[in-house]
Amino acid sequence: MKANEIMKQSEQYVLHTYNRYPVVLDHGKGVRLYDVEGKEYLDFAAGIAVFALGYGNETYNQALKDQIDKLIHTSNLYYNEPMAEAAQKLVEASGLDKVFFTNSGTEAIEGALKAARKYAYLRDGHSDHEIIAMNHSFHGRSMGALSVTGNTHYQDPFRPLIGGIRFADFNDLDSVKAQVTEKTCAIILETVQGEGGIYPADPEFLKGVKALCEEKDILLILDEIQCGMGRTGSMFAWQEYGVEPDIMTCAKALGCGIPVGAFVLNKKTAEHSLVPGDHGTTYGGNPLACAAVRTVFEIFERENIVEHVREVGAYLEQRLDGLVEKYDFLALRRGKGLIQGLVVAGRPVGEIVQKAIGNGLLVITAGTDVLRMVPPLVITKADVDEMIEKLEKSF
Ligand SMILES: *Cc1c(COP(=O)(O)O)cnc(C)c1O
């Protein structure tokens with residue numbers, strides 16, 4: 001089928017909840033994607049920070065094919081080896097204690113919120129606990145995750161949301177302190193705000209929030225769904241701050257394309273929260289999804305992906321800073337490693353993204369005025385150079 005026929009068919013049958021770019025992607029190789037007409041795109045979007053290893057990674061694909069032939073799904077009523085191994089990898093990489101696998105990021109958030117409420121419930125027997133979330137955050141689209149997403153545009157049509165949520169300003173410790181009450185059971189934030197516009201947490205802010213949590217026995221939930229899995233140049237972004245969460249959420253690059261997420265609990269939270277009957281999922285952590293997770297960790301280790309991100313991330317920053325110096329309409333760069341945003345002032349960022357697509361470059365937006373880059377983690381310096389060339393052409 002031709003691209004325009006596929007687009008027409010999609011618009012006829014698929015619920016219109018996305019304004020899609022007029023591109024019909026067909027296959028990928030490495031950090032490049034190809035549309036149905038054979039046009040090549042350099043991919044600096046990675047399916048929104050998902051496909052960290054690039055397309056067509058043979059080890060990854062083979063592991064999935066092997067697992068498909070062996071066993072795809074069993075439910076959580078029985079044990080399976082890929083889940084045991086994937087959980088061990090996640091615990092070892094994070095230093096946390098226990099894992100619950102989900103099918104998406106938003107479900108990881110739901111689980112984290114439930115674990116936090118249960119922890120507080122076991123502590124004092126009350127069921128009116130509050131959670132502090134951040135303005136301009138993004139945690140997902142299900143009702144619980146939406147309730148802690150600090151964006152009224154996303155929230156308003158769907159009220160009433162879950163109760164007991166208070167909002168504070170990211171990177172403003174006093175505003176967080178102002179929302180603390182005797183009912184506060186958790187503070188949730190992204191270590192690097194993604195959708196909101198690529199805002200890394202200030203070290204002093206994150207350390208301050210952690211100290212506040214320790215002082216008041218409040219749980220710290222760090223959402224690493226977008227910024228985790230090596231993207232910032234450490235396995236999880238919080239690791240470079242020396243601030244450990246009580247609960248961490250993962251998804252996106254965790255399965256590198258297979259839909260899988262997780263919430264990971266430290267010992268204290270794991271031992272005093274969810275028990276059999278409290279939480280469950282039919283698919284979550286099924287053998288196919290966990291074979292993906294296990295293989296992703298194996299490839300990360302074998303190919304020193306995190307080390308590579310540090311190196312190529314520094315180069316990307318340098319090249320982007322060069323653009324900020326050169327072009328007046330680029331106000332500044334924000335980000336860490338391979339999650340980067342260029343703040344565009346005085347022209348619509350969407351137009352640049354459209355032009356870039358025309359020039360064979362996939363980049364995305366964040367917030368209202370940020371050009372976002374979340375490429376596969378395996379990009380090279382030569383790919384960065386090519387991206388800069390294509391982007392400048394699109395200005
Ligand atoms: C994408 C994202 C989510 C939601 O994940 P889904 O898999 O789309 O449900 C939650 N938090 C952050 C930080 C994200 O970037």
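Here the Cβ of each residue, glycine as well, is placed from N, Cα and C on the backbone.
Model, not experiment: these values are computed from the prediction.
Quick look at what TrEMBL annotates:
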- G105, T106, F138, D223, E224, I225, Q226, T282: pyridoxal 5'-phosphate binding site (BINDING)
- R141, T281: N(2)-acetyl-L-ornithine binding site (BINDING)
- K252: N6-(pyridoxal phosphate)lysine (MOD_RES)
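This view paints the features noted in TrEMBL onto the structure.
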{"residue": "G105", "record": "pyridoxal 5'-phosphate binding site", "Cβ contacts under 8 Å, 6 or more apart": "H139, G140, A145, I225, T249, A251, K252, G261"}
{"residue": "T106", "record": "pyridoxal 5'-phosphate binding site", "Cβ contacts under 8 Å, 6 or more apart": "H139, G140, R141, S142, A145, G261"}
{"residue": "F138", "record": "pyridoxal 5'-phosphate binding site", "Cβ contacts under 8 Å, 6 or more apart": "T149, N151, E190, Q193, G194, E195, G196"}
{"residue": "D223", "record": "pyridoxal 5'-phosphate binding site", "Cβ contacts under 8 Å, 6 or more apart": "I109, S137, H139, I188, L189, E190, T191, M248, T249"}
{"residue": "E224", "record": "pyridoxal 5'-phosphate binding site", "Cβ contacts under 8 Å, 6 or more apart": "E190, T191, F236, A237, W238, M248, T249, C250"}
{"residue": "Q226", "record": "pyridoxal 5'-phosphate binding site", "Cβ contacts under 8 Å, 6 or more apart": "I48, A49, E190, V192, G194, E195, K252, I339, V374"}
{"residue": "T282", "record": "pyridoxal 5'-phosphate binding site", "Cβ contacts under 8 Å, 6 or more apart": "S75, N76"}
Helix, strand or coil at K252 (N6-(pyridoxal phosphate)lysine) [DSSP, three-state]: helix
Neighbourhood of ligand 1 - binding-site residues from T106, D223, T281 with Cβ under 6 Å: T106, D223
Max CA-CA distance, Å, over listed pyridoxal 5'-phosphate-binding residues G105, T106, F138, D223, E224, I225, Q226, T282: 25
Nonlocal neighbours by CB distance (under 8 Å) for T281 (N(2)-acetyl-L-ornithine binding site), same chain, sequence gap 6 or more: N76, F101, T102, N103, E107
I225 (pyridoxal 5'-phosphate binding site): tally of other CB atoms within 10 A of its CB: 28
DSSP three-state assignment for D223 (pyridoxal 5'-phosphate binding site): strand
DSSP state at T281 (N(2)-acetyl-L-ornithine binding site), helix/strand/coil: coil
Neighbour-count leader, CB within 10 A, recorded positions: R141, K252: K252
